[in-house]
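*Asks:* A single structure is presented below for examination.
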Amino acid sequence: MGSAAAADVFIPACAAVGVAFALWQWFLVSRVKVSAYAAPGGNGHHGGPVFRIEDNEEDVGMGGGGDDDEEEGAGDGTVAVARCAEIQSAISVGANSFLFTQYKYLAAFTAIFAVVIFLFLGSVHRFSTDSRPCQYTSGRTCKPALANAVFSSVAFLLGAATSVVSGYLGMRIATYANARTTLEARRGVGAAFATAFRSGAVMGFLLASLGLLVLYVTIKVFGLYYGDDWESLYESITGYGLGGSSMALFGRVGGGIYTKAADVGADLVGKVERNIPEDDPRNPAVIADNVGDNVGDIAGMGSDLFGSYAESTCAALFVASISSFGADHDFAAVAYPLLISSAGLLVCLVTTLFATDLFKVKTVRGVAPALKLQLVVSTVLMTVAALVVSLAALPANFTMFDFGQVKQVKNWHLFFCVAIGLWAGLAIGFTTEYFTSNAYSPVRDVADSCRTGAATNVIFGLALGYKSVIVPVFAIAVSIYVGFTLASIYGIAVAALGMLSTVATGLAIDAYGPISDNAGGIAEMAGMSRRIRQRTDALDAAGNTTAAIGKGFAIGSAALVSLALFGAFVSRAGITDVNVLNPKVFVGLLVGAMLPYWFSAMTMKSVGSAALKMVEEVRRQFIAIPGLMEGRAAPDYARCVRISTDASLKEMMPPGALVLLAPLVAGTFFGVSTLAGLLAGALVSGVQIAISASNSGGAWDNAKKYIEAGASDHAKSLGPKGSDAHKAAVIGDTIGDPLKDTSGPSLNILIKLMAVESLVFAPFFAAHGGLIFK
């Protein structure tokens, strides 16, 4: 693989294998069919079409075969399936409607921002078309700055488009799979788990393969113009990461506001005031809540992890291009980040088979260990794959750019950088699980605190979140120290890539959670038996913890990615050192540390404002619609969907503007030193807040589920549903919702996006920045 030709075969081949595997998993899911047929007289279902489930292996209809695990007491199977199909359709229509409306806004933003990139970068050399001396390679000439402006803008548009497609495909797959998971739960928890996990794998492999393929093709196409000028080529490629992260920010914030406005409204009125179960069809906000799972936790998360992947790859490629790899035009070595990601796809493919084929889940207790096994197996196999790629693709000795100096590096040094990132990711994942799973004492302590009311529940939950920061921060710190010591800033970039190299498996586990959550909601709304709901709840509880693990990975990788981008920015801006005793730097540091708090305040208040409208609407419907509480009348679901949609689209703009304008204002008016301080401050405080917010929210959610499940004597003593302890747990969960699904996950995009934006605009800031702090 040491030659460029081998790399040119290996990268697109792995991407193609990833796409083919995703399509195969989708085919297996699609074998569970929800199909309509005409039913004379309507068979008790409003005289309309009735639906049935078909499966190639066995009949699971209520009068058919099946195993001992078959559903009990759900009445007429065709009616239950018909309801499932209707609910699935309503969720899909709501999610589609929101995303298309959001994408119209984002299309306008993307076009305007692409022009801004062109104008800022083109003005560096007054839109000159003359070649210029290269900044890092003496004696060579580079392409005009105007070309860099054009290609950076094009790369930004490509990154934005790939991010949007990634999110949309994820949402389509999730809404396709949710009812199928519910229906498979009639056969047993194993069949339902396989359907949900395979659907998550479709999203994971499509997104990882698509991101790799588009980036590879972009490099090759841009290379037709740039030729030997790799310095300018990979500098313009950084626009790809900026495009991906910009869309991820609005996807995460907009989707997070949507889902939490609906969730808070549904919980406060439904559970606390009206004492009805979660996902009860009488609750007017229940469809909006299930739509939110798809637009926030699936589409938003997909865009987020794609953004991390794109940015870490772009940072590594840029630093490699100004090192000996770039000077020697060794494509296999420069493409090392792409080769690691390609090998990661193959590793994730084998890992997925462990869950779906080699060690099938047979019982409820087997669900959580199966998901945990995915993390361990993918990390172990990827460690071996990284060693092979490092020895095959890299020369034995080479030099890396080290802030104006050169650092002697060996190929096995980079293997250790990737491996430390990989294992730090696993450490963060397991720590997150310990603090958010109700199998361990931290969450059980939070549940126990509900005995004395909501206030003690909130105090215990906040303390848990703060404490959960300790191990992840040490893991990130060790990764940074080892990466920088072995290979300078490039070592940190590939450590981030190591953490993200198993992104296909990470996304599969992440997407599995919201799909299972939707499946449980559909089972409740369709009036299926308690046994079915218990199975979907078991899948959902495991998914809740894996979602928290996924957020831990995203935040940890964001810290490494943003530090790598920070190093690339400092290099590109020509800063020799970042001295905190310099007042310009310290001012930036203070303001940067404040930005995550300002951003969190905006997103939390946005959720609160939207939830207020939702609560008022749900209360109004319970009062105004006669027979709603008794189940004789249907609520107006569409009105609640519209409230969530309008609120999220309106409220996502100010936080997005804050993140995008902060680096532009700091760099233009206060200069590159202040901007460097701003980025460092935002990174240091943003990581802490993001981890504590996500874990507090996850712990409150699982403490509530622990009481509801009543699986132990301790849990039974706190319950049942509707008890004072349960109501206190619901309030804690409601407070945690915007923390874990809006503010927390969005903060990792804040620190990455500000860093990559600073890198893209670095030539302008270096040339014309500092209008006030000259």
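Each residue, glycine too, has its Cβ placed from N, Cα and C.
In case it's useful when we look at the structure, here is the feature table from TrEMBL:
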| type | residues | note |
| --- | --- | --- |
| TRANSMEM | 7-27 | transmembrane segment |
| TRANSMEM | 105-124 | transmembrane segment |
| TRANSMEM | 145-169 | transmembrane segment |
| TRANSMEM | 189-217 | transmembrane segment |
| TRANSMEM | 333-359 | transmembrane segment |
| TRANSMEM | 371-392 | transmembrane segment |
| TRANSMEM | 412-436 | transmembrane segment |
| TRANSMEM | 457-482 | transmembrane segment |
| TRANSMEM | 488-509 | transmembrane segment |
| TRANSMEM | 553-575 | transmembrane segment |
| TRANSMEM | 581-599 | transmembrane segment |
| TRANSMEM | 658-691 | transmembrane segment |
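Show me how these features fit into the shown structure, please.
*Replies:* Counting residues 6+ beyond its ends, the transmembrane segment (105-124) has Cβ neighbours under 8 Å at 145-146, 148-150, 152-153, 156-157, 160, 164, 239, 242-243, 246-247, 250, 649, 660, 760-761, 763-764, 767-768 in the same chain.
Long-range contacts of the transmembrane segment (333-359) within the same chain: residues 1, 7, 10-11, 13-15, 17-18, 21, 25, 194, 197-198, 201, 204-205, 208-209, 212, 215-216, 230, 234, 309, 312-313, 316-317, 320-321, 325-326, 370-371, 373-374, 377-378, 381-382, 385-386, 388-390, 393-395, 398, 414, 418, 493-494, 497-498, 500-505, 508, each at least 6 residues beyond the stretch ends and with a Cβ under 8 Å from a Cβ of the stretch.
Tertiary neighbourhood of the transmembrane segment (457-482): same-chain residues 416-417, 420-421, 424, 427-428, 431-432, 435-436, 442-443, 445-446, 449-450, 491-492, 495, 499, 552, 555-556, 559-560, 563, 687-688, 691-697, 699-700, 703, 728-729, 731-732, 735-736, 739, selected by CB-CB distance under 8 Å and a gap of 6+ residues from either end.
Same-chain residues lying 6+ beyond the ends of the transmembrane segment (488-509) with a Cβ under 8 Å from its Cβ atoms: 18, 170, 197, 200-201, 203-205, 207-209, 301-302, 305, 308-309, 312-313, 315-316, 319-320, 323, 336-337, 340-341, 343-345, 347-349, 351-352, 371, 374-375, 378-379, 382, 386, 400-403, 407, 409, 413-414, 417-422, 424-425, 479-480, 482, 546, 549-550, 553, 556-557, 560-561, 563-564, 567-568, 571.
Using a Cβ-Cβ cut-off under 8 Å and counting only residues 6 or more beyond its ends in the same chain, the transmembrane segment (553-575) has close neighbours at 135, 235, 238, 241, 301, 304-305, 308, 311-312, 315-316, 318-319, 322, 401, 403, 421, 424-425, 428-429, 472, 475-476, 479-480, 483, 488-490, 492-493, 495-496, 499-500, 506, 672-673, 675-676, 679-680, 683, 687, 690-691, 694, 744-745, 747-749, 751-752, 754-756, 758-759, 762-763, 765-766.
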*Asks:* How about long-range neighbours of the transmembrane segment (412-436): same chain, 6 or more residues beyond its ends, C-beta under 8 Å?
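*Replies:* Sequence-remote neighbours of the transmembrane segment (412-436) are 336, 340, 372, 375-376, 379, 382-383, 386-387, 390-391, 394, 442-443, 464-465, 467-468, 471-472, 475-476, 478-479, 482-483, 486-487, 490-492, 494-499, 501-502, 544-545, 548-549, 551-553, 555-557, 560, 694-695, 698-699, 702.
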*Asks:* Would you confirm whether the transmembrane segment (581-599) and the transmembrane segment (371-392) meet the contact rule of 3 or more C-beta pairs below 8 angstroms, pairs 6 or more apart in sequence?
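*Replies:* Taking Cβ pairs at least 6 residues apart, the transmembrane segment (371-392) and the transmembrane segment (581-599) are not in contact, as fewer than 3 fall under 8 Å.
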*Asks:* Mind checking which residues of the chain, 6+ beyond the ends of the transmembrane segment (7-27), have their Cβ under 8 Å from one of its Cβ atoms?
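*Replies:* 1, 173, 198-199, 201-206, 208-210, 212-213, 216, 331-332, 335, 338-339, 342-343, 345-346, 349, 352, 356, 393, 504.
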